[in-house]
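Here's the structure we're looking at; comments come further down.
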Amino acid sequence: MNTTNENASLNERTIRVAIADDHPLLLAGIVHELGTQPDIQIVGSASSSTQLVELLTKHPVDVLISDYAMPGGSHGDGVTLFTYLNERFPDVGLIVLTMMGNADVIRSLLAQHINGILSKSDPLEYLSTALYAALAGKRYLSPGIEAVMYQHDIQGCGASRTRRLSPRELEVVRFFVSGLTISEIAARLGRSKQTVSTQKMSAMRKLGITRDVDLIKYGIKEHLTSQNAEAHTS
């Protein structure tokens, strides 16, 4: 376990973060990613649940970023550990990293008081978004996690994903779902085909969707057709 100097001066905007992961490379990547944020202080890191509980007991922490699978500690891992942490440290925001695409695992995490669930297959840049959501008492799900939710029809994704789209991306999606080709959308909106294609790909990335057929299914399910898209832009 590593800790920073507790005597370092903290201003009101400093976010105290602890990291729990038993993979050194991923841990280093997280530290590097968050280190670019001037208002974030890495309080310490742990590689087991035993070390983690000791860290949280000794040092004030605002948000914990923890791996889902971290065997070897005296407090277990996964849902068992997170339930214990929520009971003992209720004021600490919790963000979970997982490489599991199992729908049952996602469902079990959604049933917990967890502020963020991120897939390890997603870029680490989503960590900052999850962290600030945790501070605000909100929940953030990375695109990879929401893709699993959509694939298995798990409640909780739908409209929240649609709100991620910019107005221009939403325009492209609604016309595409309505049956227009990229060329037809470009002509309708007065944009180049390359611009429309880029906006469509960006929208799919934000929605956690990789195939056109799944984008169409999503659009139909969420009523993102050209005649009612205005309701989603408000």
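Heads up, the Cβ atoms here are built off N, Cα and C, so glycines get one too.
What TrEMBL lists as domain 'Response regulatory' is 16-135. Mean predicted confidence for the domain 'Response regulatory' (16-135): the pLDDT average there is 89.
DSSP assigns Asp67 (4-aspartylphosphate) to a strand. Counting every protein chain shown, 22 other Cβ atoms lie within 10 Å of the Cβ of Asp67 (4-aspartylphosphate). Among the features that TrEMBL reports, 4-aspartylphosphate is placed at Asp67.
Taken from TrEMBL, the feature domain 'HTH luxR-type' covers 158-223.
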